[in-house]
Every structure is written in C-alpha cells, then in structure tokens.
Amino acid sequence: MFREKFRKFHFIGIGGIGMSGIAKILLDMGYEVSGSDVRQNDVIKELKEKGATIYIGHDAKNVIGKEVVVYSSAISNVNEELLKAKELGLQVISRGDMLADLFRMKEGIAISGSHGKTTTTSMISHISHIAGLDPTVLIGGILQTFGSNAVLGKSELLISEADESDGSFLKLNSVINVVTNIDKEHIGYYKDYEDIKEAFVKFINNVPFYGASVVNIDDTGVRSILSKIHKKIITYGIESGDFQAKNIVFNSDNTRFDVFYKGIKLNTIELQIPGIHNVYNALASIAVSTLMEIEQPVIRDALKSFKNAKRRIEFVGEKNTNLIYDDYGHHPTEIKSVYEALKSKYKDKNIVVVFQPHRYSRTYYLIDDFVDLFKSLDKVFLLDIYGASEENTFGISSLDMINKVSKEECVYIPSKEELFDRLDELKDSVIVFMGAGSIGQWSHEYAKT
C-alpha cells in the first residue's frame, strides 16, 4: 500500500552498472523511470529500449515532476539535479539505500569481498536460474545467462553484489552473506586495512539467526576476523574449509576439481573459465547453492555450462597471431589472478598486460604493490591513470610506477594510437586489456582495426 505512493523515479548517474541494474528492476516492476548521465553507453541504450526516459547531461529541470531521486556515489554534493531535488522536497536516496529497500522486499543473498564479487554472484545466479528458482538478480557486470546486469524474477529470492567500497553493504537485510576475501582496497573511504576488516565483521554479523555467512577460510583477511564473528559461518577453501576443492587440474580448455564437504566427496566440477581464483569463486557458489538445497547434479551441470560476465577474462578475438582478452581488474591482486589464469591456460605464450590504472588514490596507496607485481609479469604496457571522479591531489602518475619498476618489459604508453601500433609488433602472444575506466572498449576496438 505505502510503496504505491511513489511511482516516478529519477536516477542521477543512471549509466553506471549498479544504478542501471536497479533502474531496470524498477522498470520491470512497472515503475516510471528516468535518469541522466554525462554520456551514452550500452546500458543506457538498453534502458531506453525498456522505456526509461534518458537525459544526456545533468540539468535541474530533469527532476521536476519526479517523486524519488536516486544518486550514485560518483555524484557531487553540488550536482544541480541533486540540489533541485532537495529544494523541491523530493525523496532523495543513495544507490545503496535503494538497493537496501529492494532487499526488504525479498529474501536476499548478498555477495561481498574485495575481489570476485561479480563472478561469484554470476555463478550463484546461473545455478539458481538453472535450478528453476527464478531469482531477481543484480550484478556488477553483464551476465551472459541473461544478457543483462539485472533480471526481475517471480520468486522471493534476490541475489546481488554487495558494495563495500562506500560501506553501503552494511545496510542490506540479507539471509545469506558471502565474503570472498578482504584486501587493502578503497583506502580513500576507509581509514586503513583494519577499518576495512571491521566493516566486514559487521557485514557477517548482520545476518539473522536463521541465516549464515559463507566465507573464504584460505584468505588471511577473513581468518584475521573470525574471533569477532558470533553468527553462523560456513567456510570454503582449498587448503581447508567445510567445502574444499581437491585434485585441481588446469587444462587448456577447462578446469576440473573435486568438491568435498567435511571430508565427504560431493561432486566433480568442470569449469570453462581458467584460474585458481575461479575455483574459489565456484566453491563459494557451491556452498551457497547447497545451503539453498539445490541438488548436486544441478550444481555440477550449471557450473559446466557457466559463461562468465563480460569483461571477466573475456575472449575478444585474434589478431596478428595474438589472442586478445579483456578484463575489468584494476587492483594488483586482480591483475595477478588474471595473469596466472591466462598462464595456466597458455603455458607457452607470453602474457602482455595492457593496464590503465583506475583512480589516483588507489594508485597512490597501492603503488608498491603494483610495482612488485609488474616486476614479475612477462610484459606490461602502462597507460595514463584514469581519474574517474577524482582530482589528482596526490601528484601521482603512471611514470612514477615506470621509474620504480625499472624494467625493460614495463613500458609507458601515452596514447591509444601508440598502444595499437606497439601491439601490432607482437606475435604469438596473449594480450589482456585491464582496467575499470575508458579502456573498457579498447580491446574490441583494437581487434577490429
């Protein structure tokens, strides 16, 4: 009754992957949706096709006649639409609060962690879909199962990524929480690593008495907080865990491993995606699916048919005898995982990482981790930092990393044109474009030139 009072939603920054997902769900629920962003992209095109009114550019008049205004964390406090909405007395809420409201309407599974959220959420969603559970899904990427980052299901089940970057994951009323790992990330929001870990303690302890959290026991960050957890946890890992992967084999076309639960073999799993990190992601999805009482043969068959979300070790094509991949990874841990995954698949090829650093703050705080990593890779083409919404108050640049690496195989590339020329010189290599900024379309553009 009360929620029907509000029918007209406006999203400031609607083109973002998280904002667009919520907007799609509301459209499918029958609400009127409009939104603004600074540029067109594929998700905006999909929103238009679904019936959303989209404005390119922000303007105060865009919020007139709306009832609820949702804004993303990337939106400035002095954004003209945000200020006008407050002046008009409209309901103004953050993306995190809007997601929390969706969780109140459903029984939720929230997947968090510094790395692996999108793939783990995608796996759980795919298994649930194959099992006929008809979930509502919100993912930080385009899942090939649905061809979208959001799907409205008919059941009470909601499966969603939970964003720790701004602390909004603590607002979610979920029945099952997943923590894939806890790493040094989002230092611009959190005071330090200990502050990040405390947030995850609260997240895990947020589950109700009838719920549980599924956590990666092999991760040092997770292990360091276990003494502070007073709610039910289920662990997974390779070294140990309630759910454990053993007999792992990396082949050129698949990854195989056996799954054990408390010492008893449950299944033999075959994945079509490479990497030890995806074994961990699969273990998390198996643990959650088992909690949901999905039969083991269904889990096995679903994971065998699973295709990862776009920009997650996504194969783009072949050019000049080189294989081209694309990945969203922008943290040293993620780059290392992707590099090792491709090495396990292409043991005799050079892996060339084309990396666009994302945010000045992340580059500044993690520069030593980036430098140590780059020293160990076959070859790195390093682009300028993509600042996102940040000003460069840190005085940091990609050349600072180049100077610290001091390695011939780590090269600064100042432009896309020069990058493409340098890539054309390579033969029989695996090229992976990595980053969360404007590099997102470069791999496809290069493959077509």
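The backbone N, Cα and C atoms fix where each Cβ goes, glycine too.
Here is what Swiss-Prot says about this protein:
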BINDING   GLY113, SER114, HIS115, GLY116, LYS117, THR118, THR119  ATP binding site
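Here the binding-site residues are HIS115, LYS117, and the one ringed by the most other CB atoms within 10 angstroms is LYS117. A simple Cβ count within 10 Å picks out one of the binding-site residues SER114, THR118, THR119 as the most packed, and that one is THR119. Sequence-distant neighbours of GLY113 (ATP binding site) (same chain, six or more apart, CB under 8 Å from its CB) are THR120, GLU164, VAL178, VAL179, THR180, ASN181, ILE182, ASN216, listed in sequence order. If you draw a 10 Å sphere around the CB of GLY116 (ATP binding site), it holds 24 other CB atoms from the protein chains shown. Apart from the site residues GLY113, SER114, HIS115, GLY116, LYS117, THR118, THR119, the chain places the Cβ of ILE111, THR120, THR180, ASN181, ASN281 no farther than 8 Å from the centroid of the site's Cβ atoms, the recorded ATP location.
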